[in-house]
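Colleague: Features from Swiss-Prot:
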type	residues	note
BINDING	CYS158, CYS161, CYS211, CYS214	Zn(2+) 1 binding site
BINDING	CYS175, CYS178, CYS197, CYS200	Zn(2+) 2 binding site
COMPBIAS	35-48	compositional bias 'Basic and acidic residues'
DOMAIN	5-72	domain 'J'
REGION	26-48	region 'Disordered'
REGION	362-385	region 'Disordered'
REPEAT	158-165	repeat 'CXXCXGXG motif'
REPEAT	175-182	repeat 'CXXCXGXG motif'
REPEAT	197-204	repeat 'CXXCXGXG motif'
REPEAT	211-218	repeat 'CXXCXGXG motif'
ZN_FING	145-223	zinc finger
Amino acid sequence: MGKRDYYEVLGVGKTASEDEIKKAYRKLAMKHHPDRNQGDGAKASEEKFKEAKEAYEMLSDAQKRAAYDQFGHAGVDPNAGGAGFRPGAGGEGYGGFAEAFGDIFGDIFGQQGGGGRRGAGGQQVYRGADLSYAMEITLEEAAHGKESQIRIPTWEECDTCHGSGAKPGTSAKPCTTCHGAGTVHLRQGFFSIQQTCPHCHGSGKIIPEPCTSCNGAGKVKKQKTLEVKIPAGINEGQRIALRGHGEPGTQGGPAGDLYVEIRIKQHEIFERDSDDLHCTVPVPLTTAALGGAIEVPTLSGSAEIELPEGTQHGKTFRLRGKGIKGIRSNYPGDLYCHVSVETPVKLTEHQRKLLKELDESFRKGGDKHSPTSKSWTDRVKDLFK
């Protein structure tokens with residue numbers, strides 16, 4: 001699954017004020033804090049707590065919020081909050097929580113759970129953030145499938161320092177604040193609160209001489225070309241997951257995923273409804289009246305429809321199997337052709353004369369030539385009885 005929209009996570013609109021964002025976060029944090037949720041639902045509550053914390057950290061910072069509003073998750077700079085800032089890591093623990101609430105949870109919960117998942121060396125390990133990419137394709141491409149290339153901006157491991165963040169020939173040192181633990185304990189009265197170390201941001205290490213290529217981040221922004229296989233029958237809004245092509249993890253953590261979300265261009269002829277297609281077919285007045293064969297378009301060529309004599313405007317003809325075979329469908333949908341009877345325009349004098357003669361002959365025949373008009377006239381008469 002991709003990362004949820006930060007505004008959706010907090011339950012606020014995109015125009016929410018700082019106070020509204022903070023209030024929404026406090027409410028969610030109180031509800032889902034791990035110390036308040038034990039038993040079967042503990043893990044789900046913990047994930048929601050982390051998700052709300054991440055959303056708040058992003059939207060409470062004006063610069064990060066502006067970048068997120070413009071580019072979404074893909075545009076968030078992982079170094080905006082210093083070398084240890086990792087948006088979307090999902091395992092950052094609860095550090096910073098006490099900073100947002102002051103003494104509230106120190107009084108309520110006591111010791112606070114801390115730290116993210118740790119690797120073999122004791123360092124906190126973070127999964128890279130998921131990225132999203134909107135890809136626009138034609139209806140034909142959606143129906144038949146295609147292979148395409150996309151170029152995306154992404155963060156990759158720095159070639160100079162190989163992801164360490166340290167200048168070549170040097171190395172990171174244990175953090176003197178947390179002594180390499182990545183977390184610190186704060187005393188508040190009778191309570192002890194564990195939170196992410198504010199000095200090393202949970203890494204347990206400090207880089208005395210940062211790499212000049214990545215400024216100590218361990219990763220740099222690059223353009224990456226990826227092959228995307230679009231399956232036949234894909235629909236608007238469906239996503240294709242490219243595993244491991246999101247942002248790289250930190251401290252040996254796994255990379256996130258890239259989700260390619262499909263947008264289908266508006267077609268000049270067809271409208272799609274699930275696996276079915278709809279189109280409007282213009283028909284001359286004379287053909288509708290006299291009947292005859294007409295040619296209609298399909299995604300695989302053209303087909304022929306035999307119009308019966310007296311075809312009315314709005315009549316729908318169904319061509320079975322001429323729609324789209326969806327990804328999870330066993331059979332293709334149908335094509336619905338909606339007749340649009342066209343009234344002739346720009347008539348010559350001779351044509352006008354012929355139509356007037358035809359009109360007079362219709363009037364002499366009464367309502368038998370216009371069944372719809374007859375029923376409408378009867379309804380009007382009934383209305384005024």
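Glycine residues also receive a Cβ, built from the backbone N, Cα and C atoms like all the rest.
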Colleague: Looking only at residues six or more beyond either end of the repeat 'CXXCXGXG motif' (158-165), which have a C-beta under 8 A from one in the stretch?
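Modeller: Result: 83, 171-172, 207, 210-214, 216-220, 248.
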Colleague: List the other residues in this chain whose Cβ sits within 8 Å of the Cβ centroid of the Zn(2+) 1 site residues CYS158, CYS161, CYS211, CYS214, in sequence order.
Modeller: ASP159, THR160, HIS162, GLY163, SER164, GLY165, ALA166, PRO210, THR212, SER213, ASN215, GLY216, ALA217, GLY218, LYS219, VAL220
Colleague: For the zinc finger (145-223), what is the mean per-residue pLDDT, to the nearest integer?
Modeller: 84
Colleague: When the number of other CB atoms within 10 A of each residue's CB is tallied over all shown chains, which of the binding-site residues CYS161, CYS175 has the maximum?
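Modeller: The largest 10 Å Cβ neighbour count belongs to CYS161.
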Colleague: Only counting partners 6 or more residues apart, tell me which same-chain residues put their Cβ under 8 Å from the Cβ of CYS214 (Zn(2+) 1 binding site).
Modeller: CYS158, THR160, CYS161, GLY165, VAL220
Colleague: Neighbourhood of the Zn(2+) 2 site (CYS175, CYS178, CYS197, CYS200): other residues with Cβ within 8 Å of the Cβ centroid, in order?
Modeller: THR176, THR177, HIS179, GLY180, ALA181, GLY182, THR183, VAL184, PRO198, HIS199, HIS201, GLY202, SER203, GLY204, LYS205, ILE206
Colleague: Let me know how many other Cβ atoms fall within 10 Å of the Cβ of CYS158 (Zn(2+) 1 binding site).
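Modeller: Other Cβ atoms found within 10 Å: 20.
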Colleague: Given CYS211 (Zn(2+) 1 binding site) and CYS175 (Zn(2+) 2 binding site), what distance in Å do their CA atoms have, once rounded to a whole number?
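Modeller: Between the alpha carbons of CYS211 (Zn(2+) 1 binding site) and CYS175 (Zn(2+) 2 binding site) there are 18 Å.
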Colleague: Across the zinc finger (145-223), what are the DSSP residue counts per state (helix, strand, coil)?
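Modeller: Summed over the zinc finger (145-223), the classes give 0 helix, 35 strand, 44 coil.
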Colleague: Let's check the environment of CYS197 (Zn(2+) 2 binding site): how many other CB atoms sit within 10 Å of its CB?
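Modeller: Step by step: centre on the Cβ of CYS197 (Zn(2+) 2 binding site), count other Cβ atoms within 10 Å, giving 24.
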Colleague: Given the binding-site residues CYS178, CYS200, and counting only Cβ atoms in the protein chains shown, which has the most within 10 Å of its Cβ?
Modeller: CYS200
